[in-house]
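Colleague: Below is a structure I'd like to ask you about.
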Amino acid sequence: MCQDRGCCHSCLHYVLDYETPKTLVIQSKAVGFVFRFTQLLVILYVVGYVCVVQKGYQETDSVISTVTTKVKGFAYSNTSDLEHRFWDVADYVIPPQGDHSFFVLTNIIVTPNQTQSRCPELPTPSSICTADCDCTEGHSDPRSNGIQTGLCVNYSDTQQTCEVLSWCPLEIDTNLPKHAMLAAAENFTVLIKNSVTYPKFKFHRRNIMPQINSSYLRRCEFNRITDPDCPIFRLKHIVSEAGEDFQSMAVKGGVLGILIDWSCDLDWWAGKCYPKYSFQRLDNKNPNNSVAPGYNFRFARYYKTPDGEETRTLIKGYGIRFDVIVFGTVPAVSDWVMLTCARKKDLYNKHKVTYLNEDSDSESVSG
């Protein structure tokens with residue numbers, strides 16, 4: 001029983017006793033120096049790294065952007081397939097309008113006068129045959145050029161292949177011109193119109209600056225030194241700044257990025273927020289891996305003969321796709337600085353915080 005009472009007494013002391021910290025002052029220069037030096041390091045870290053380097057007093061917003069492009073230029077080609085041909089923007093920009101990108105045709109393989117008929121398949125391990133039994137009527141392969149008819153026919157004097165129902169004659173895409181057919185495309189220009197918004201700060205900008213007028217746009221061309229604000233770019237200069245040669249890249253095509261950086265610091269004058277342009281090749285250019293290089297696609301132009309037969313000209317187009325990539329962040333002074341360091345911090349605090357009075361169903365600001 002006594003033991004139980006003693007236990008209860010100890011518990012009451014533990015619950016009801018009041019403790020207060022005691023400060024021990026050590027009169028030691030060495031200990032005091034270490035303490036103050038540690039405090040100084042903490043202050044330098046907060047002020048120097050967090051505030052100055054990392055700008056921890058700021059809040060940021062990400063960019064929302066829209067881009068439109070307009071390409072201009074002319075070219076002339078002289079080939080056996082296309083004869084003498086003049087090319088304008090309706091011919092070499094495909095499609096005419098793109099979402100943050102545009103494609104410029106630079107080289108082509110043309111297969112003219114195709115009709116829907118029967119012809120020998122191109123020789124491959126799966127299409128070479130010696131008799132009709134090697135071919136399956138109705139068989140098709142996504143990697144082939146048509147639907148097999150079940151017949152084995154002469155492809156050449158020495159070789160037979162399965163006959164296919166297709167657009168004939170079939171395209172032979174191994175004879176790519178070694179020099180870009182539209183070499184003059186390097187002198188084409190593109191006007192890039194870019195608008196950005198930082199919704200959090202209600203900040204809007206265009207890459208066409210307020211001081212730019214129509215007469216300036218008609219004569220300017222982007223140059224980092226003489227015309228850094230001009231939104232008109234010559235294609236060969238874009239490719240050159242990406243570290244590539246336009247004529248070499250134009251043979252098999254490729255993908256090139258036009259990067260627009262809108263990272264600005266709104267702690268300073270917002271009028272100093274300008275776009276910064278850079279250029280970079282985006283597709284893989286590996287000399288040790290030459291499988292499926294460049295950039296190409298096929299399209300056709302259809303015609304009707306006088307007797308009503310449908311024909312087409314198939315074009316395998318090689319060219320450069322330009323992707324316009326817009327990015328950036330905008331930092332601005334955060335509420336913490338406004339509410340603690342500003343001269344009118346009391347006024348800001350008063351209007352920053354709103355108290356809700358549930359009894360009177362009304363609102364009041366702090367103050």
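Using the three backbone atoms N, Cα and C, a Cβ is placed for every residue, glycine included.
Take a look at what TrEMBL says about it:
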- K70, V71, K72, T189, N296, F297, R298, K316: ATP binding site (BINDING)
- C119-C168: disulfide bond (DISULFID)
- C129-C152: disulfide bond (DISULFID)
- C135-C162: disulfide bond (DISULFID)
- C220-C230: disulfide bond (DISULFID)
- C264-C273: disulfide bond (DISULFID)
- N187: N-linked glycosylation site (CARBOHYD)
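Let's see these features in context: how buried, what's close, how far.
Modeller: Within the same chain, the residues at least 6 positions away from C119 (disulfide bond) whose Cβ sits under 8 Å from its Cβ are E163, V164, S166, C168, P169, L170, listed in sequence order.
The number of other Cβ atoms within 10 Å of the Cβ belonging to C152 (disulfide bond), over all protein chains shown, comes to 21.
The Cβ of C135 (disulfide bond) has C129, Q148, T149, G150, L151, C152, C162, E163 as same-chain neighbours under 8 Å, each 6 or more residues away in sequence.
There are 15 other CB atoms within 10 A of the CB of C220 (disulfide bond), with all protein chains counted.
Other C-beta atoms found within 10 angstroms of the C-beta of C264 (disulfide bond) number 23, with every protein chain shown included.
Other C-beta atoms found within 10 angstroms of the C-beta of N187 (N-linked glycosylation site) number 14, with every protein chain shown included.
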Colleague: So the record assigns K70, V71, K72, T189, N296, F297, R298, K316 to ATP. If I measure every Cα pair among those residues, what is the longest distance in angstrom, as a whole number?
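Modeller: Comparing all Cα pairs, the maximum is 24 Å.
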Colleague: Express the distance between the Cα positions of C230 (disulfide bond) and T189 (ATP binding site) as a whole number of Å.
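Modeller: So the alpha carbons of C230 (disulfide bond) and T189 (ATP binding site) sit roughly 12 Å from each other.
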Colleague: Here's one to test understanding: among the recorded positions N187, C220, C264, C273, whose C-alpha is closest in space to the C-alpha of K72 (ATP binding site)?
Modeller: N187
Colleague: Which entry in the list of recorded positions, K70, C168, C230, N296, R298, has its Cβ near the fewest other Cβ atoms, using 10 Å as the limit?
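Modeller: Taking K70, C168, C230, N296, R298 as the recorded positions, the minimal 10 Å Cβ count falls on R298.
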Colleague: Select one residue from K72, K316: among these binding-site residues, choose the one with the most other Cβ atoms within 10 Å of its Cβ.
Modeller: K316
Colleague: Under a criterion of Cβ-Cβ distance under 8 Å and sequence separation of at least 6, what residues of the same chain contact V71 (ATP binding site)?
Modeller: V89, V93, F102, V104, F188, T189, V190
